Amino acid sequence: SQVSFEEESQNPPAVGHWKPLMPSKGDKEEPESGCQDAGGVHEPQSTEQLNVSRLRSSSVEIREKGSEFLRDELHKAQKELKLKDKECERLSKVREQLEQELEELTASLFEEAHKMVREANTKQAAAEKQLREARGKIDMLQAEVTALKTLVITSTPSSPNRELHPQLQSPSKAGFRKGHGRNKSTSSAMVSAGSQNVAPEPVSRECKEVDSILFAEFQAWKESPTLDKSCSFLDRIYREDVGPCLDFTKQELSELVRVAVEQNTLTIEPVASQTVPVGKVAAEECGGPKKCALSGLPRTCKHRIMLGDSGSYYYISPSCRARITAVCNFFTYIRYIQQGLVRQDVELMYWEVMRLRREMSLAKLGFYPSEM
């Protein structure tokens, strides 16, 4: 448009006669005369051309300033557009980064949630299994405690229970039964019926006198029975009876036997009951039918012991079995007292404890029934 405007400004305007549209008030209408001077016609035409040229020059100047202003505004708009493009690009990158981080966080959260669910399911299954096992053990313990209470309550000095007092049975039935088993699920040591004595043995033919120190220690223990050997009553018995009775040549194995007896995890069984399946290897056995694992001496071993669930068997001689059985009988009786299964006079219980201590002393010296 500017170029065309400049071209038009270069071409001279056409010269013609300009006639006012309406005459002014001061002017008088004169009749047109056919003859006018040549000088009077050219003077108004030059004035009009000057006015037109001025108008055209001012119009060109205005157009140039307008175009310059528009160019400045265009440059500003282009700069702002470039800045906005850069800002949009930066925001787009930030959005992509946030979306990627969100996806990674979501994936990690889902993975952690699945892991927690798996661990919870595993723990729940293990807890349910332990609960079932505990309920089974509780039912078995309740049944055994009920049976033990029945046996103990029905045994009184006036009418003793012959199952609990083998010395009252006939000579053919009073001997020790073969086999010595201990139920690991009960809290009291379970020995064979022929070797356990819950009620005191009649000692009317013997002269006896209560030792005041021992009786006072037993009475103090009876007020709050416990299996903690730090009390004076059990500490004395451990030092004088239990320790020497379970002190064998094989010191390491002796310590394991003592711990198993205290924790009620010792099992004694006859060698004759051993049956090894064909094609299978039996559990590890120490010693042998002709060598005692505790004393290390060549002896005919009729029994073997197992400590807990180790699966290892140790052959023992009759003398070692008698010593272990005597200690088991003592722990059986004091556990009965602790659980409230023995309902007798304190003095009768004291004499039964003394009798069991005597059994341990005799076994330590080598005395044992021939049936072993």
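Glycine too: its Cβ is placed from the backbone N, Cα and C atoms.
Annotation comment: TrEMBL describes 1-58, 156-197 as region 'Disordered'. Residues annotated as compositional bias 'Polar residues' in TrEMBL: 44-58, 156-172, 184-197. TrEMBL lists 65-149 with the feature domain 'GDP/GTP exchange factor Sec2 N-terminal'. If you look up TrEMBL, you'll see 67-151 marked as coiled coil.
DSSP assignment over the compositional bias 'Polar residues' (44-58) gives 15 helix, 0 strand, 0 coil. The helix, strand and coil residue counts that DSSP assigns across the domain 'GDP/GTP exchange factor Sec2 N-terminal' (65-149) are 85 helix, 0 strand, 0 coil.
Taken together, the residues in the domain 'GDP/GTP exchange factor Sec2 N-terminal' (65-149) have a mean pLDDT of 89 on the 0 to 100 scale.
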